[in-house]
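According to TrEMBL, the features are:
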type: DOMAIN; residues: A:5-361; note: domain 'Isopropylmalate dehydrogenase-like'
type: BINDING; residues: A:77-90, A:289-301; note: NAD(+) binding site
type: BINDING; residues: A:R97, A:R107, A:R135, A:D226; note: substrate binding site
type: SITE; residues: A:Y142; note: site 'Important for catalysis'
type: SITE; residues: A:K193; note: site 'Important for catalysis'
type: BINDING; residues: A:D226, A:D250, A:D254; note: Mg(2+) binding site
There are 2 protein chains.
Amino acid sequence: MPNPSLLILPGDGIGPEVMTEVRKVIDWFGANKNVTFDVAEDLVGGAAYDEHGVPLHDDTMAMAQKVDAVLLGAVGGPKYDDLDFSVKPERGLLRLRKEMDLFANLRPAQCFDALADFSSLKKDVVSGLDIMIVRELTSGIYFGEPRGIQDDNEGGRVGVNTQRYTTEEIRRVARAAFELARKRGNRVCSMEKANVMESGILWREEVQWVHDHEYQDVELSHMYADAGAMQLVRWPKQFDVIVTDNLFGDLLSDAAAMLTGSLGMLPSASLGKPMENGRPKALYEPVHGSAPDIAGTGKANPIACILSFAMALRYSFDMQDHADLVEGAVEAVLAQGIRTADLLGEDGKSPVSTSEMGDAIIAAMGGS
Amino acid sequence: MPNPSLLILPGDGIGPEVMTEVRKVIDWFGANKNVTFDVAEDLVGGAAYDEHGVPLHDDTMAMAQKVDAVLLGAVGGPKYDDLDFSVKPERGLLRLRKEMDLFANLRPAQCFDALADFSSLKKDVVSGLDIMIVRELTSGIYFGEPRGIQDDNEGGRVGVNTQRYTTEEIRRVARAAFELARKRGNRVCSMEKANVMESGILWREEVQWVHDHEYQDVELSHMYADAGAMQLVRWPKQFDVIVTDNLFGDLLSDAAAMLTGSLGMLPSASLGKPMENGRPKALYEPVHGSAPDIAGTGKANPIACILSFAMALRYSFDMQDHADLVEGAVEAVLAQGIRTADLLGEDGKSPVSTSEMGDAIIAAMGGS
Ligand SMILES: [Mg+2]
Ligand SMILES: [Mg+2]
């Protein structure tokens, strides 16, 4: 079997810095676990625009389609604010998502015990929290037609967007959620507004269909999305995997991320259909942005990007033990009180640099 | 000037019990403040169905259109679960909202200091919280056409709903929010997804238009709804009035309600256009449901319904001092440690009954 292949796109702002630390982790696996990745690196976002005049070169796009997984740092920055919409840095990321057809956005909300104090929620409500929100990412109201703003006949205007889901769009993201649940707590909660939206009724029925025909071993429940928002705030640990549409997932995954109190720590994955080798099309990236204000200062926290690589180990390469090893090392380092600047409160401790954090995680992984 | 008029619709379950306590408060104002309300009482929900075979009689509807304000208890119960959709108890409430054209749903999220421990959030994050979410209630994706589920041509189905907002629908709810802000902290934050939805772009532009032309004295900011969900969890006290559409308001108002930790305490108001006397069409009701499991046991908490009446004093009758008096009495009673069963933790104190809670609030209001 060929080596697993990775395309690394560091992007803009702190992207290259945090990706340098990921490279250390990748190299560690080569040196210690005999797991060698074929790694290619290329440009995305503003960095690609500076070089090619577009935020994603066609060659990069073609490479992304060929590799087993893409790992992206972050895109964007004030330098590119005035660019035309069509070549803004974010368009590079959107092109990747669209052409790779990454329909399942995995957003874990995990709270490390050592950081539970950062949450606005009580410690017992969030410590040990480990839930996964699966958001449909390529359809729904952000994409549906007709859409637009038109003049009415009375001097006013009308704004229209269309929520539209097909059987197959719902079933495929439901399958992604059930597959995930089997590797976790074996429970899926599906959220919609079937009480007031027909697209929600279809969502509920199709998720139930997939369950009844293909995943009867997984526990499935349904919840209205507004009740879901409430329950996420009240007692988030009741959930294992949540599957929901693009719009509800947008709000609920961000609310869930904020429950953990340390947004800068969270990874994400976007998965598509299985390729010929059985691995899904996959893009991994931290939830945080490019943080241009601290780029180049050594203040960036590389943990979210390192955890994104751990997700790649888990979901693209089926290397559960290796993923556990990386995540365990992050947890151990945090438990030791090692902190980048973003994780320090008022207590006067001095922060470690981006690179020192990477080294500490490598050290916690053991080996040479 | 004629007496202010009220139509009281106790409804089902605990509705009549909590409304009995509201009547005490109303009577107190007659005896102590020389404020006499012309009160009519009628049936809604299951109670109306039992009597008339419909969840809202036409005569009741006509009366609701004539009075200054409607105060509703709660509707629904297991007894009515098998009724046809068209005569379910909830249809009575929906008919009121629709025919009165109540487009602005006011959902305060207020946290009484004495109850801050009930919240899943840290005490300093929620104690003293006092924000108001104004949700557009009569348009948007829950009402837009086309809608439905259809077969596609390939053996699957398609579910469609339409988000549709007009200039005037947005402006009128924006005005409601600005008016409210003037009576509070003078700040409005409008939430939408203008980054990905044209209806969100129109929303943002029209809210800004109303601000620039009619409410320049009020501070206006805009936030994407997913960021709004995050910020509500992170530091809700940053907000004063939030105005948003029907769907986002559905999720955000429920999440905000849950922040307070005591859902059974929260009132709401739904307002429409001004009537000839200048007062808005108005329906006030607690956020909680009819709680059929505890109906008739004396365990119901009347505070949400009493606070709904306080909202009527404030928003229909412009009696700010009287509203303050009621709200202050509720706060004082809670500070004394008086609790109905729903507000008791594990500490072995004995609860007061629905009626004792009403009496305690009356006592705290002073006078005879
Ligand atoms: Mg979002
Ligand atoms: Mg709701």
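Glycine residues also receive a Cβ, built from the backbone N, Cα and C atoms like all the rest.
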Residue pair A:D254 (Mg(2+) binding site), A:D226 (substrate binding site) - Cα distance, angstrom, rounded: 14
Interface-proximal binding-site residues, chain B, C-beta separation under 8 A, candidates A:G77, A:F85, A:P89, A:A291, A:A295: none
Neighbours of A:K299 (NAD(+) binding site) among the recorded positions A:R107, A:R135, A:Y142, A:D226, A:D250 (Cα to Cα, within 10 Å): none
Binding-site residues: A:D81, A:D226, A:D250, A:D254 - member with fewest neighbouring CB atoms within 10 Å: A:D81
Separation of alpha carbons, A:D250 (Mg(2+) binding site) and A:Y142 (site 'Important for catalysis') (Å): 10
Cα-nearest neighbour of A:A291 (NAD(+) binding site) within the listed recorded positions, A:R135, A:K193, A:D226, A:D250: A:D250
In sequence order, those recorded positions of A:R135, A:K193, A:D226, A:D254, A:A291, A:A295 whose CB lies under 6 Å from ligand 2: A:D226
Residues among the recorded positions A:R135, A:K193, A:D250, A:D254, A:A295 that border ligand 1 - Cβ under 6 angstroms, in sequence order: A:D250, A:D254
In the chain carrying A:K193 (site 'Important for catalysis'), residues 6 or more apart in sequence that have Cβ under 8 angstroms from it: A:G200, A:Y224, A:A225, A:D226, A:F248
A:D250 (Mg(2+) binding site) versus binding-site residues A:G77, A:D81, A:R135, A:A295 - nearest by Cα: A:R135
Reduced DSSP assignment, A:R107 (substrate binding site): strand
